Amino acid sequence: MAQIRIHEVNTRIENEVEVSKFLQEEGVLYEKWNISKLPPHLNENYSLTDENKAEILAVFSKEIADVSARRGYKAHDVISLSNSTPNLDELLINFQKEHHHTDDEVRFIVSGHGIFAIEGKDGTFFDVELEPGDLISVPENARHYFTLQDDRQVVAIRIFVTTEGWVPIY
């Protein structure tokens, strides 16, 4: 279950109902998908082949189709980041630059952990700490950035409004 940390006051929201309510009030789509469907050989696997990535997409194809039909998404892929990723530190520096997109940014966490820091409606930032099974959609035009948690590894399904993906605006 995702958890929230509000930057300015460093308070946390950890209760499932309260997390869902907070995100809904901020216009952030949050869903919990059944991660137990993932085959054991793909669980916590950060060295994915193209075949592994295709298998992950197939496992969650119904959920991807459902959210895509509801929200107009047209493309998806799988990304894997870990200490074995070439230039991981450079990538993280780039990901941690505050930006926005003209469409929403959707991630489903398959393995590992990630953090989206999002500017709230009141202008203050909050972290959404994500774990396997969490799907989040950062609203279009919301200032945000992404980073990894201390384990420095994540496998995520990215879902896009257009087949070209998204373009960050810094």
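Keep in mind that glycine also has a Cβ here, set from the backbone N, Cα and C atoms.
The Fe(2+) site recorded in Swiss-Prot includes His99, His101, Glu105, and the single candidate from His7, His41, His144 that the record places there is His144. A separation of roughly 16 Å, to the nearest angstrom, links the Cα atoms of Arg107 (site 'Important to generate the dianion') and His99 (Ni(2+) binding site). Its Cβ placed at the centre, Glu105 (Ni(2+) binding site) has 24 other Cβ atoms within 10 Å. It is 14 Å from the Cα atom of Glu105 (Ni(2+) binding site) to that of Glu98 (site 'May play a role in metal incorporation in vivo').
It is Glu98, among the recorded sites Glu98, Asp104, whose Cβ has the fewest other Cβ atoms within 10 Å in the structure shown. The DSSP secondary structure for Asp104 (site 'May play a role in transmitting local conformational changes') is coil. Taking the Cα atom of each, Glu98 (site 'May play a role in metal incorporation in vivo') and Asp104 (site 'May play a role in transmitting local conformational changes') are about 15 angstrom apart.
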